[in-house]
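First the structure, in the form of structure tokens, and then the observations on it.
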Amino acid sequence: MAPIKVGINGFGRIGRMVFQAICDQGLIGTEIDVVAVVDMSTNAEYFAYQMKHDTVHGRPKYTVEAVKSSPSVETADVLVVNGHRIKCVKAQRNPADLPWGKLGVDYVIESTGLFTDKLKAEGHIKGGAKKVVISAPASGGAKTIVMGVNQHEYSPASHHVVSNASCTTNCLAPIVHVLTKENFGIETGLMTTIHSYTATQKTVDGVSLKDWRGGRAAAVNIIPSTTGAAKAVGMVIPSTKGKLTGMSFRVPTPDVSVVDLTFRATRDTSIQEIDKAIKKAAQTYMKGILGFTDEELVSADFINDNRSSVYDSKATLQNNLPGEKRFFKVVSWYDNEWAYSHRVVDLVRYMAAKDAASSKM
């Protein structure tokens with residue numbers, strides 16, 4: 001199969017992480033051709049600086065430099081990564097105005113956070129792209145895919161705008177998938193994600209009229225917040241629809257988060273049985289997506305872990321009421337930047353393979 005022609009709209013935190021995940025998997029210029037990256041600036045020197053120096057993830061494994069597309073331009077507008085040229089394109093208010101067709105881009109990774117509605121994201125298709133992957137929860141009827149859970153539902157003929165869900169849904173859904181697949185069942189559940197701060201938060205107390213607590217300084221506070229991650233699991237695992245809800249606590253760490261799911265099973269079981277089932281899944285049908293640890297680990301130990309969800313058997317609890325055999329707390333870690341970005345790449349590859357197979361039929 002020819003390299004997948006990809007464009008990244010929005011070269012901020014997640015856009016860059018997705019690009020770095022492509023490089024980390026050894027796909028750049030081989031299986032994936034990143035034709036262009038789009039942002040408000042086209043300053044390739046600044047992009048190269050950001051990619052070379054990452055506070056959390058460190059130095060890249062690839063070479064990166066910036067060059068001019070022609071002597072007439074003021075600043076370098078082309079990234080050269082491992083010898084492969086990537087054009088830096090100026091952002092547009094309307095995705096339909098981006099030159100995807102002219103550039104030969106087939107798959108757009110929409111990572112601005114602005115075009116998460118299906119109708120708005122379809123602007124990329126009007127601009128010449130064939131498919132769009134939104135690196136966030138989407139609205140307006142876009143198909144939501146969580147790799148390892150429901151990717152088989154992707155239809156080349158009908159799914160042109162696809163959401164990769166959220167990083168938290170990508171952590172929670174694999175755990176819930178195993179619990180339901182292995183017949184533990186979920187009668188009801190409450191999820192809390194202890195989530196590292198993100199770029200949308202404030203470094204010092206600032207204005208946030210829609211979310212007063214969200215306007216407080218991120219690096220010195222534990223901030224309660226909302227999340228739709230638990231409810232979104234019902235979109236990819238229909239048997240849990242309406243059974244899960246949750247909230248978030250934003251905490252003063254720059255990366256890595258952890259999901260705490262307290263649930264009631266539909267049958268009697270034990271911690272040992274749950275541990276065994278999840279460990280087996282992590283080694284077999286969920287390998288590479290779900291991990292298992294029985295070590296005494298902390299959040300920093302999961303930086304750059306590309307698995308969506310790493311179950312912590314040391315933190316699993318069972319209600320200690322006499323005779324209670326259905327009430328449990330399970331805990332799973334995730335690098336909310338790195339693992340999620342790898343799943344975006346996996347989803348693009350999966351879609352491209354299915355699309356190619358469909359076109360031959």
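For all residues, glycine too, the Cβ spot is worked out from N, Cα and C.
The annotation in Swiss-Prot ties SER166, CYS167, THR168, THR227, GLY228, ARG250 to D-glyceraldehyde 3-phosphate, and of the candidates under consideration, THR198, THR284, THR293, the one tied to the same site is THR198. For the NAD(+) site, Swiss-Prot lists ARG13, ILE14, ASP39, GLN92, ASN336; matching the candidates SER135, SER139, SER299 against that entry yields SER135. If you measure from the Cα atom of ASP39 (NAD(+) binding site) to that of THR227 (D-glyceraldehyde 3-phosphate binding site), you get 27 Å. For SER166 (D-glyceraldehyde 3-phosphate binding site), the spatially nearest entry among the recorded positions ARG13, ILE14, GLN92, SER135, HIS195 is SER135, judged by CA separation.
Listed in sequence order, the residues THR193, HIS195, ALA229, SER248, SER257, ASN336 complete the 8 Å Cβ shell around the D-glyceraldehyde 3-phosphate site centroid, once SER166, CYS167, THR168, THR198, THR227, GLY228, ARG250 themselves are left out. Cα-Cα distance from THR198 (D-glyceraldehyde 3-phosphate binding site) to ARG13 (NAD(+) binding site): 9 Å (rounded to the nearest whole number).
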